[in-house]
Amino acid sequence: LKTNLLKSVPSGTFSQYTDFKKSFLNHNIKKVTGFVFQKNGFSFASRYLSHNKIRNLKPGVFSDLHKLEWLIIENNKLKKIVPRTFYGLHSLVLLVLLNNSLTHLPDKPLCQHMPKLNWLDFEGNQIQNLRNVTFSACNQLTVLVLRKNKIDVLDEHTFTPLHELGELDLSVNKIQRLHSRVFKDLSKLLQLNLSYNPLEEIQVNQFDRLLKLKSLSIEGIDIVNIQRRMFDPLKNLSHIYFKKFQYCGYAPHVRSCKPKTDGISSLENLLANVMLRVFVWVVSAVTCFGNIFVICMRPYIRSENRLHTMSIMSLCCADCLMGIYLFVIGAFDLKYRGEYNQHAQLWMDSMQCQLIGSLAMLSTEVSVLILTYLTLEKYICIVYPFQCLTPGKRRTVATLIAIWIVGFVIAFIPLVSKDFFQNYYGTNGVCFPLHSEQTESTGAQIYSVIIFLGLNLLAFIIIVFSYASMFYSILQTGAMVTEISAQVKKEMTIAKRFFFIVFTDALCWIPIFVLKVLSLLQVEIPGSISSWVVIFVLPINSALNPILYTLTTRPFKEMIRQVWHNYQQKKSFSSNGGQKVYAPSFIWLEMWPLQETTQTLAAPGNSSNPSEVSIITHTAKLNSYI
């Protein structure tokens, strides 16, 4: 009688039907009288009273259904049940009271009239607590479902009578704390679900007695005190479900652990994605080779502005550290290939992980600070050319030393104060604290915000503002030049260089700023995004800085032309049978000595137009840096 308009079923309605096996009385029924199924010799195996409006079941309403095996009363409005409600159900195996309005279970043995009850389902009710005596007669119960209730407390002896219980579902309740011995009598338990409870912590010996447990679900729970000791006794555990992939490292003996990846690592590999494994080597090679090449070649560009060269070489050293960091990540990915989860927690807690994490942080912060210093130096000398004093060697060296000291302090403070920062670098397989975790200490979160959204964001704003001001100043000066076409061409060249410098900074840092803000707002960030930011986006500056600050500059291009010219001369010398040909030296003399050019061209006899002096000064300043 599904989908009907019946409001009630009077007694004697089915008196002449004695061979019923299944009964479906779904929708609209509000009342079932106590004599509907009595004294009729029914041989029901299943009875469904789903999707009705039943609020109350009187004691003995099923007393004549001795052969009933399944009773399903789901999606009703039941507020209360008593043991006498189920009087006479001696053969009942399955009782489902799903999605009702029960607020508590009886304080008497619920199963006293259902000795064969095997499966009991109370999902989707309003039950707030469980009394010790409720399950005292449920000796044959193997499945107990208490999902989606409001249970907040479990007594130590709540499940003591349930010696045969094989599956227990306590998920989506309000349990904040579990007694360490609450599962002590469930020696035959095979499946336990505690997911999505606001548990403050899980006792270290919580699962010690569950030696036969095969499946454990603790999804949606931040286990602040997690450790291997919790899961070591569970030798038969084959499936475990956590909130975070990192927790899988504490149960390495479990065959199946979910989630299977955090987007960065997987159970098999430190770098989960094949493209990540390729890119980590490519970016590492490009970064290391490019910066080492510049470090080796810069001394051959002879310039009076040697202090600028010193700053560029210091920047290359910092960027090279990022390449070393990526190389080490790639090497450990190869080492743990196919069995990463067996070593995951040891790796993230190891000194190697802490050191390369701090190395990446050192590279990042020193690079940011040096770029800011170089930008401010350019800004002052181009926007205020007549007030610019070329920094002396002592001041430049002192500034660079101070930058490296600040970088070391920022990078290595989390290693010194472990109590304050906890495992700051070991929150993921790549050992870089890109986004905040809820379990992160308050100190670590504040520190991360200060570095990424304080210092680095400020540096980025300074760089963008400075280059915009420099370009505007050049435009203003160029407006006074009579040779318009040549000046426009020069301005376009400068604009392109400035654009690419700012663009690479933005490409590197804007995604990081966005990720940091989202993580602080507790927005869930897909792990695959974080992995690409660490492996590809973060090192962009380190890989491109040699190109932007050296390999595309005019002095370097001229040096390459000179080297090629020398090679051609040497080749010509050999082909001429040894006739000596004189050629310039291999070392290139940079053609824009800053102070001398400015002073010579600005001398009274060399120019009568002040605007030309200003333009010449701008060009000299600019060429000496770019």
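Note that Cβ sites are derived from N, Cα and C of the backbone, with glycine treated the same way.
Bear in mind that the values here come from a model prediction, so they are computed numbers and not experimental data.
For 290-549, the entry in TrEMBL reads domain 'G-protein coupled receptors family 1 profile'. Taken from TrEMBL, the feature transmembrane segment applies to 278-300, 312-332, 355-376, 397-416, 446-468, 498-523, 529-551.
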Stretch of maximal Cβ-Cβ contact with the transmembrane segment (446-468) [cut-off: under 8 Å; candidates 278-300, 312-332, 355-376, 397-416, 498-523]: 498-523
The domain 'G-protein coupled receptors family 1 profile' (290-549) [mean pLDDT, rounded to integer]: 81
Dominant neighbour of the transmembrane segment (498-523) in 278-300, 355-376, 397-416, 529-551, by Cβ pairs under 8 Å: 529-551
